[in-house]
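A.B. asks: Sharing the record's features from TrEMBL:
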- 1-36: region 'Disordered' (REGION)
- 16-25: compositional bias 'Pro residues' (COMPBIAS)
- 50-106: region 'Disordered' (REGION)
- 370-463: domain 'Transglutaminase-like' (DOMAIN)
- CYS378: active site (ACT_SITE)
- HIS437: active site (ACT_SITE)
- ASP460: active site (ACT_SITE)
- 794-818: region 'Disordered' (REGION)
Amino acid sequence: MDGPRSDVGRWGGNPWQPPTTPSPEPESDRRSRGGGRSFWARCCGCCSCRSGTDDDSGPEPHGDRGSGSRGRGSSSARRRPNSRGSDSRPPVSRGSGVNAAGDGTIREGMLAVTGVDLLSSRSGENRREHHTDEYEYDELILRRGQAFHMVLFLSRPYESSDSITLELHIGNNPEVGKGTHVIIPVGKGGSGGWKAQVTKSSGQNLNLRVHTSPNAIIGKFQFTVRTHSEAGEFLLPFDAHNEIYILFNPWCPEDIVYVEHEDWRQEYVLNESGRIYYGTEAQIGERTWNYGQFDHGVLDACLYILDRRGMPYGGRGDPVSVSRVISAMVNSLDDNGVLIGNWSGDYSRGTNPSAWVGSVEILLSYLRTGYSVPYGQCWVFAGVTTTVLRCLGLATRTVTNFNSAHDTDTSLTMDIYFDENMKPLEHLNHDSVWNFHVWNDCWMKRPDLPSGFDGWQVVDATPQETSSGIFCCGPCSVESIKNGLVYMKYDTPFIFAEVNSDKVYWQRQDDGSFKIVYVEEKAIGTLIITKAIGSNMRDNVTHIYKHPEGSEAERKAVETAAAHGSKPNVYATRDSAEDVAIQVEAQDAVMGQDLTVCVVLTNRGSSRRTVKLHLYLSVTFYTGVTGSVFKESKKEVVLAPGASDRVTMPVAYKEYQPHLVDQGSMLLNVSGHVKENGQVLAKQHTFRLRTPDLSLTLLGAAVVGQECEVQIVFKNPLPVALTGVIFRLEGSGLQRPKILNVGDIGGNETVTLRQTFVPVRPGPRQLIASLDSPQLSQVHGVIQVDVAPASGGGGVFSDAGDNSRSGETIPMASRGGA
């Protein structure tokens, strides 16, 4: 871990490798790819017929631009929030209107709109009823398919002969037929679920109740009012204060993203933090992730992602299309999306993926600069995807699959090749089994599929294989995965192989051909988990992805899927002599300490058996890419009928330390040959070296608007010094992303540092920290902070500049030895 290695991971030759300066793709290059076909033609069949003259698409802004309507940059992303607090109401917009002739003349008797109050206060009824009161925005944020209230201020009292029409615009060329220009006549009903009624008329004030369509496009709309009276027509000009965000609505039964259970909505839509699991099935690690979907600027970043690749506004009401483009845009391949993937171990030009503690810093950097952020790996891609989809209103969770297969040849099996002596032939082993892989489930109906495939859909933003020529994956119905229906869209074959393929061992024969010597049926997708609802416990969701291992239904699903793969007859030649069983015992190995691996052989037969056993130990990336073997052992074991024997191999720290790669994982390849019956034994076992946690302690009570202090304690587990140590600190409602440079930490040294922060929102919050250095990563910690409201009630939020500093050098409060 002291420098770059030649093994750069599964995508070593691909263009995601660290660029000198990450930059947006040149316009000419972007348009030349795919034979001149647009992103939408390649990504989504329903958009492939869009003509070149159709400009119902988002802008492709570069640099310091946000998501905006009609091709403008977002003013709210740039505008510094005021300090009025969440309970204050934004100023009522007022301004001069125009008549139908457009000359600005307001004739006597004309019904002019002198102002609009969208009642957008975070503590007001609109925001609370729409469950958007946590968004750190002053603008009105709505969920579609639900009513909201507003007040119009008029130049004279409203009369029954007057006609008032509300209008919403989004996109470069708003059209009624595409849903990008919405016309809502007051008191006359509407179309597609849009309608508005007068609830109160008092003097020159008119109170309205407006109902949005459950199929509305999501995004930021411009709002205006048109009136018609005997004296003429009046049009209220657009005002930035009147922009309205509309999101998906899991609370609305008519919305196809509807979620029935309130506890699900609280967890999968409104929870701002969660747990992400990693490691191995036997050694599960967990880390807290700050999703931060309500932090100021994050909503604009999410809409900017849709704009950046030119997603047609008319398609933004469809969660299938939206989730598919998010899976493509969260990674940088093809699209100059949010995150640059890097599995090389060299992160000198960016941030080690293990060092991130949340999505906010990543998304705000992308919004601010327009440049892809270095670097991400699967849990970072999944964490950011959860943030984006929850922010837009989709119920989403982060899911970890242990022993996740990466099928490179569409065989729907994991093929591992060995020589005559059962030593792995790495140059042929293109398929790989990741120790773990993290993706997302999001909840929606699938009107584009036959009935029975609604519910959880897999979306995977990690760039592994292309789909329709681009690096995206999903949405894919979990039900189709469970039953091996690999012909269902999108990307079911690849995801099925990740969770339910068999591991097939091929041995080279004397004539150079290969023969199947062993099929391991329970090696892939051994455990699939996510954070439980309402707690930090694990929720085992393996059963929704696959039938019980070994059951008739599970075997039928596997063989049905394999029949559609590139090796449909793979199960035709299988040997059955298996009276000697092999098992690897897991050990709690700790980074910096010696360890021992142990293999147990059991003779389940009635005759004596002689086994020639080979053990090969190598380091491995969590993606299954292995380094060279650095230790091996050979032994002959004689087993009496029904007897067992243990074979151990000690490994010293000084033996494995020079070879360590990310995550501190190792791969034990065990192979053997039974002399009496020719049985071939094969087993692969991955284990990781456990790293220490950061210890966080809150020093005093936390109150909105008042400074609070946290203490962080860390002990270096290694006998060598950690250099260039960086801490990260982040927590929604507590602390904007903050980077702390603390210098070097000596071998086995304990350090303590203290940091202050000012909570901006009340309630239970998570403050998350991480440590990173070239010698040690994957170190993190979390503390729950219960924030009391300020004496005046509510909260006060500020832009990034107030409560965060980047690259600050922090002196240690104290140091101690071991």
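Any Cβ shown, glycine's included, is placed from N, Cα and C.
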A.B. asks: CYS378 (active site) to ASP460 (active site): how many Å between their Cα atoms?
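C.D. replies: It is 9 Å, counting Cα to Cα.
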A.B. asks: Just to be sure I understand the packing, how many Cβ atoms besides its own are within 10 Å of the Cβ of HIS437 (active site)?
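C.D. replies: Taking every protein chain into account, the count is 29.
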A.B. asks: DSSP-wise, what's the residue breakdown of the domain 'Transglutaminase-like' (370-463) into helix, strand and coil?
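C.D. replies: Tallied per class, the domain 'Transglutaminase-like' (370-463) gives 15 helix, 39 strand, 40 coil.
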A.B. asks: Across the domain 'Transglutaminase-like' (370-463), what is the average pLDDT of the model, as a whole number?
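C.D. replies: The answer is 89, the mean pLDDT of the model over that range.
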A.B. asks: Excluding near sequence neighbours, so keeping only residues 6 or more apart in the same chain, what lies with its CB under 8 A of ASP460 (active site)?
C.D. replies: SER327, PHE381, ALA382, TRP439, ASN440, CYS473, GLY474, ASP491, ILE495
A.B. asks: Within 10 Å of the Cβ of CYS378 (active site), how many other Cβ atoms are there?
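C.D. replies: The answer is 27.
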